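**Q** Here it is, the structure in full.
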């Protein structure tokens with residue numbers, strides 16, 4: 001694929017102005033990348049810590065993935081309306097954008113529930129490796145929805161990531177190391193995490209499609225608006241699920257029996273919520289600045305980071321099959337990066353020749 005890349009100078013525009021624009025673009029992309037990697041790593045580890053210390057509510061785990069959205073209003077205040085189209089829809093029809101936000105929010109809530117369930121039933125190292133399949137899913141969705149081209153290197157990346165997940169899918173022996181977790185739960189966690197990865201990739205492609213064809217506003221305020229309103233819908237949906245399931249009655253008991261104490265329970269949920277919002281801002285920002293495919297690739301950068309921390313903190317096992325799966329997934333990631341480098345080089349040559 002060809003990323004949108006740094007903004008090009010207008011004909012006759014001063015080169016100094018062009019350099020400033022390029023610098024700002026690289027700065028925004030760098031900040032977004034940091035948000036995604038740091039936020040996703042900390043959120044995943046905190047999510048597993050919640051279950052490891054005695055938490056059991058999948059709806060609470062789902063709720064905290066979007067409940068931190070109010071802090072984004074602080075970021076929104078940093079961008080004046082003149083530079084960001086302060087409304088939720090800009091020049092697009094309000095009703096149309098509202099429907100899109102509601103639909104995306106409900107899909108996000110369902111996706112968060114699958115992720116929460118998968119993290120409950122799987123070791124965090126296995127969970128993070130399966131999540132790498134989102135790149136393979138996103139290649140397909142980007143091809144169908146966003147007219148991204150498929151090349152040999154990208155196809156190779158899809159095959160390798162699929163093979164990595166297949167190895168983990170048949171590796172049931174590690175369930176013996178999980179405290180009494182039935183093997184059927186491992187398979188359920190595997191399928192839910194795989195389904196969540198596919199749904200997440202679909203969400204990113206739909207967001208890119210919305211930016212290109214509906215919102216048509218290339219501002220960071222538009223990115224924050226989309227994140228705030230979809231997270232609002234997802235949070236309301238997860239609250240409905242929390243009360244409808246009756247799991248809200250367990251919260252007091254869960255807090256009292258949390259192994260590291262009540263304050264730790266509260267802070268775990270708070271910082272999980274904050275971490276997921278940092279991740280979401282970075283993800284949506286990369287969709288806006290570059291593409292959904294690039295955003296997904298950066299999400300997989302934490303692939304080798306999370307399992308390492310999982311071994312140190314939760315004492316997850318790293319058997320031969322899991323190590324091979326990690327190396328294969330890394331190979332797929334490198335294969336994609338090579339294609340990105342080739343396309344970026346071609347785009348620069350074309351721009352220089354034009």
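Yeah, the Cβs are placed from backbone N, Cα and C, and that goes for glycine too.
Whatever TrEMBL says is automated annotation, not expert-curated.
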**Q** Quick one: which of 3-24, 223-244 does TrEMBL have down as transmembrane segment?
**A** 223-244
**Q** Looking at the stretches 25-47, 122-145, 190-211, 264-288, which one shares the most CB pairs under 8 Å with the transmembrane segment (92-110)?
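**A** Per the Cβ count, the answer is 190-211.
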**Q** Excluding the flanking five residues on each side, which residues at least 6 beyond the ends of the transmembrane segment (264-288) place their CB within less than 8 Å of a CB in that stretch?
**A** 28-29, 31-40, 42-43, 46-47, 49-50, 53, 55, 60, 64-69, 71-72, 75, 204, 207-208, 211, 218, 220, 222-224, 226-227, 231, 254-255, 258, 294-295, 298-299
**Q** Where among 59-80, 122-145, 223-244, 320-338 do we find the most Cβ pairs under 8 Å to the transmembrane segment (190-211)?
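**A** Going through each listed stretch, the top one turns out to be 122-145.
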